[in-house]
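> What TrEMBL lists as active site is B:Y266, B:H274, B:K305. Under the heading compositional bias 'Low complexity', TrEMBL lists B:158-193. Per TrEMBL, the feature domain 'TSEN34 N-terminal' maps to B:4-70. Annotation source TrEMBL lists domain 'tRNA intron endonuclease catalytic' at B:237-320. Annotated region 'Disordered' per TrEMBL: B:119-197, in sequence order.
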Amino acid sequence: MEPESEPASVEVPAGRVLSASELRAARSRSQKLPQRSHGPKDFLPDGSEAQAERLRRCRQELWQLLAEERVERLGSLVAAEWRPEEGFVQLTSPAGKFWQTMGYSEQGQQRLHPEEALYLLECGSIQLFYQDLPLSIQEAYQLLLTEDTLSFLHYQVFSHLKRLGYVVRRFQLSSVLSPYEKQLNLDGYAQCLEDGTGKRKRSSSCRSVNKKAKALQNSLPPMSLAASSPPACDQNNQYPEKPQESSPRKGSGLSFQIQGSSEPCPALSREDVGCGQENDTIQNGAKGAPKARWNFEQISFPNMASDSRHTLLPAPAPELLPANVIGRGTDAESWCQKLNQRKEKLSRRDRDQQASVQQFREDVNADPEVQGCSSWREYKELLQRRQLQKSQPRPPHLWGQSVTPLLNPDKADSPATVLQHISVLQTTHLPDGGYGFDEPVPDLCSLKRLTYQSGDVPLIFALVDHGDISFYSFRDFTLPRDLEH
Amino acid sequence: MLVVEVANGRSLVWGAEAVQALRERLGVGGRTVGALPRGPRQNSRLGLPLLLLPEEARLLAEIGAVTLVSAPRPDPRSHGLALASFKRQQEQSFQEQSSLAAEARETRRQELLEKIAEGQAAKKQKLEQDSGADEGQEAGGSEAPQGSTPGGETTDDGQANGQQEEAGEGSSSSPESSSPPESSSPQPGPSNGVTPLPRSALLIQLATARPRPVKAKPLDWRVQSKDWPHAGRPAHELRYSIYRDLWERGFFLSAAGKFGGDFLVYPGDPLRFHAHYIAQCWAADDPIPLQDLVSAGRLGTSVRKTLLLCSPQPDGKVVYTSLQWASLQ
């Protein structure tokens, strides 16, 4: 029994090959799945005949189920070829029904990701060839699931989610809309995809599941926005606008930002139309496919929007600064990573509280005295007058000049509003590699960072323990805060 | 001798007979992680491959029930041979299926002939009773069975319903046929042998395991390698000693990640018994933080299993301590 050191000496027996008559007999086998354990389980083995009989029956069914082989008609199989050097699977015959939710088109070819191809192979929808030889499931597992492209763990979670009925796609930065794009109304098309199997009812809310480690991401819920008010370009906006409202969520993971108070948001009607119907505007599987998108994080526009996302703040021109203040450029990116960029979900009570407090805070433009000022100088005098009246003095060198801090200390009532005034850049680094059970669980710091960076898409961690998959997510909880700060 | 292929520390079993032998004879269960051919779009019952815990694989190799091998890479030299044999096998299968289909057609026609003959005899009797008022109708009706049976045959290949449909058709149309039996018994049409099976109706097996034998390198579980990174790791050794001890006492063990432990301990096959213990492995001189004890104890109580703290002693024996959450009133 000692293993020899000579190579390749053990013969691995072949799997079962069905004969023609067995193939024909397989057409008429039952499709029902028997119960796992017939009846309630027993507590202790007592050696009785009844127990042994039940066990024998359960086991018999299990062996029968496992021994069945996949038999399909050649006409219903789609032929596909594995390209290892390019890392995808190319379809050599036209795709079937699965094309609605899987695969992508490129250079006139229909292609599948390796995990999708493997899943379809296990379902019996495609026949996977490699160098003209059809692959068995075992060989496909070996060839397609390598550590550097797509590991076994990734595939387990992918197939688990697919079998549950989700539509699972690879995570692509370009498919996550940045708030800037939302403001520009670039998200105008409905992108709802129906759930996977035909048995599933079409729910009106599409789920989005964000996986760690750049592997896979579910399709995003619809993001229609019909609000037409353009973002306010108010460069001299010193005082904050009314805190931006977010439309109530309807089970989708995204919220809308609506500028100003001028127009009500007519976006709600489109949202429920987008979900729940068959999407016929989708081009051939090219939904999440890499399309030419500008990476707005790398293009630095001048600050035209009220919540600009510059972090590279250059030094201001010296002539604009007061004499005793020296300006310098800063790069706030590192600091931005530490910020919590998720929209705070306020409970109903919190919202009411905020609304009631809100009435004590006025919009500066609603002030008739401010409206009465016809020039900047008059406004400054008004401010000075008010300053003297107020008990809390403000440092004049900060507030009396033309350049003032962006943020008023007593105007910031929540992190959300703070973010809207300060440049916040969403970085999109994701930690490399999935985590197996043996590896230490990532520390709280990186977990929180990931959660922040995913924006409004809920982040779910899949823990795979020797074939057993469980999903965990962290819920944010806001402690009640004292308003009189 | 059973062979189990190991790749990157993961041991997969791809044969149903092997899975059966392991479970029934040796009490090693593993976990199915693939799609079940009968129902590939559900998660309640999964199919091959069977994933073995590293401890399970090592135990099987230690007792000599299984040979561990490194998963063999496809060999380019044997590719040409494999391709040729695959094509031959496919062609052969096609021929066999065609002839089987033809035979099945023939037997069906024979059955139908009998049925038709019976039906015609019955109708003839009926006719003689009601003196032929509807002869015109019957003459028209006689075309129907002759037209439908050849049409039904060519389209039913490869479809399971075809057989039932045809039988249904035959039986439903036979009472109507009332033309003189002499003209209907020699059936015209493609009764002479082989309408070839259309290529698209060829039945293919999508093999689960590799359909041809291959040579592989044996794996030594005592030595650390890329395919077996567990050798020598203290965590693995600890878990293995506990696993082996519990297995020798006759328990069935499986992974317990969901329960915050190392193993779930069953008194018998998990198909029919619930787990009794959640086993947590601790090294002999490891201090156990009190919070871990409390959380493990609470968890065990809430899922109605006893927490078992297992610790191997220097002399080789394993000491077990069970915890039960008791409230002091």
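Just so you know, glycine gets a Cβ as well, placed from its N, Cα and C.
Just so you know, TrEMBL annotations are computer predictions that nobody has curated.
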> Within 10 Å of the Cβ of B:K305 (active site), how many other Cβ atoms are there?
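There are 20 such Cβ atoms around B:K305 (active site).
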> Under 8 Å Cβ-Cβ to chain A, which of the active-site residues B:Y266, B:H274, B:K305?
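Listed in sequence order, the active-site residues near chain A are B:H274.
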> Output, ordered by sequence, the same-chain residues six or more apart from B:H274 (active site) with a CB under 8 Å from its CB, or 'none'.
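When sequence neighbours closer than 6 are ignored, B:H274 (active site) has B:Y266 within Cβ distance under 8 Å.
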> Tell me the Cβ neighbour count for B:Y266 (active site), meaning other Cβ atoms within 10 Å of its Cβ, over all protein chains shown.
22
> Using DSSP, what is the helix/strand/coil residue split across the domain 'TSEN34 N-terminal' (B:4-70)?
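Result for the domain 'TSEN34 N-terminal' (B:4-70), in helix, strand, coil order: 20 helix, 25 strand, 22 coil.
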> Can you tell me how the residues of the domain 'tRNA intron endonuclease catalytic' (B:237-320) break down into helix, strand and coil by DSSP?
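Summed by class, the stretch gives 28 helix, 24 strand, 32 coil.
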